[in-house]
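Chemist: Here's a structure for you.
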Amino acid sequence: MKQLRLEPVVQVRGEINIPGSKSISNRALLLATLAKGTTTLTNLLDSDDIRHMLASLKQLGVEYRLSQNNTVCELTGLGGVISSDTAQTLFLGNAGTAMRPLCAALTLGRGEFTLTGEPRMEERPIGDLVDALKQLGANIVYLKNDGFPPLTINATGLNGGDVEIAGDLSSQFLTALLMVAPLAKGSVNIHVKGELVSKPYIDITLALMAQFGVQVINHDYARFEIPAGQQYVSPGKVLVEGDASSASYFLAAGAIKGGEVKVTGVGRLSIQGDVKFADVLEKMGADIEWGDDYIIARGAPLTAVDLDMNHIPDAAMTIATAALFAKGTTTIRNIYNWRIKETDRLAAMATELRKVGALVEEGHDYIQITPPVVLNTAEIDTYNDHRMAMCFSMMAFADCGITINDPDCTSKTFPDYFAQFASLKA
């Protein structure tokens, strides 16, 4: 197994242009596919999850051209639904942002589609989405365990009508349903059951749908009306914002050991909720400066926080390791959906934080972290989870440094993360 040793870093400074957002990249690729016209996507993320989406679209007959560095994609839309005369089997790795929306989109047309993935994907729930699609007439069969991939879709189109969907596990289910609703045979009325997690990710979805010319009436996130007879129309060009979750590591670095770290590609005008991570750093004591398309973090003594971070679940992971450098006990609450991500992130985070000496309480949907007087070096297991690897890079700011196991797992969203991280040394 590959290992990466991070030696202690005394101070950081620099500027990082953040790669494109995974969430925006895969949503925009699917909407461009369903749209009329040709769409040019710039600053597209070049990573495993996006490659799985692109490979599947190509297999389904979608035509596109990629630039040499894979960050500009010119895609010719189908002007409607995806259909296939032959049975198709699509392998989607561990890409939830490809599996969930494609599962929904493939019910719209005609054909037989089987969706598979890596072993971890078979442990990531999709039942809430499938239940909702079945209410609109979809024919979907599980091939192994009920509620989980792999699955086969026998597509004949989606009916309109009223549909209930659970919102308390993952916002990706609602996102997938929203994106396909305009192409159903009648108007769709979506009722959200339970607390809606990761609400800002729904805002990303709605903003992109509007960019492609579709209207959704949002009744305070409890009900969504999608009128029938709409069509996605390419806006011509779509600029993919930098990934705000990826920005969190560099902003935390600036807060802990700045110097001054500037991230570009996200800022005040971002449609991503994860930019609010910078507000949490500010609450902890960091000096934060906002521009329209940049954020600067400067170092200051950090103090612990006790916050509900349901709205920024991915970026909240970075607070867990930043807490090692804050005075007091940090509590991150309402984050049950960490458990159904690339790994059970609550269990994994608790295990690895204890290795470096932290006192950790792992609850059903919260984690509490008290840093030790002196941090220990350790070998950090990453669980094939890109965010675990990136979060624990913060341990480079301890006097002992850290060893990261399987550092290449960052290829899911940020293949050259550690090279960029190393560039910050003052």
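Cβ coordinates come from backbone N, Cα and C, glycine included.
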Chemist: Determine which of LYS22, LYS237, LYS276, LYS283 appears in Swiss-Prot for the same phosphoenolpyruvate site as GLY96, ARG124, GLN172, ARG345, ARG387, LYS412.
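Modeler: Site partner of GLY96, ARG124, GLN172, ARG345, ARG387, LYS412 for phosphoenolpyruvate, according to Swiss-Prot: LYS22.
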Chemist: Please work out the number of neighbouring Cβ atoms within 10 Å of the Cβ of SER198 (3-phosphoshikimate binding site), leaving out its own Cβ.
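Modeler: The answer is 24.
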Chemist: Taking only C-alpha atoms and a 10 A limit, tell me which of GLY96, GLN172, ARG345, ARG387, LYS412 are near ASN337 (3-phosphoshikimate binding site). These are the binding-site residues.
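Modeler: Close binding-site residues: ARG345.
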Chemist: CB neighbours of GLN172 (phosphoenolpyruvate binding site) within 10 A?
Modeler: 25
Chemist: Need this for a regression test: recorded positions ARG27, SER171, SER198, ASP314, filtered to those with Cα within 10 Å of ARG124 (phosphoenolpyruvate binding site). What's left?
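Modeler: Near ARG124 (phosphoenolpyruvate binding site), where near means Cα within 10 Å, there are no recorded positions at all.
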Chemist: Indicate whether ARG124 (phosphoenolpyruvate binding site) is helix, strand or coil by DSSP.
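Modeler: In three-state terms, ARG124 (phosphoenolpyruvate binding site) counts as coil.
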Chemist: I want to verify one value. Collapsing DSSP to three states, which class is SER198 (3-phosphoshikimate binding site)?
Modeler: coil
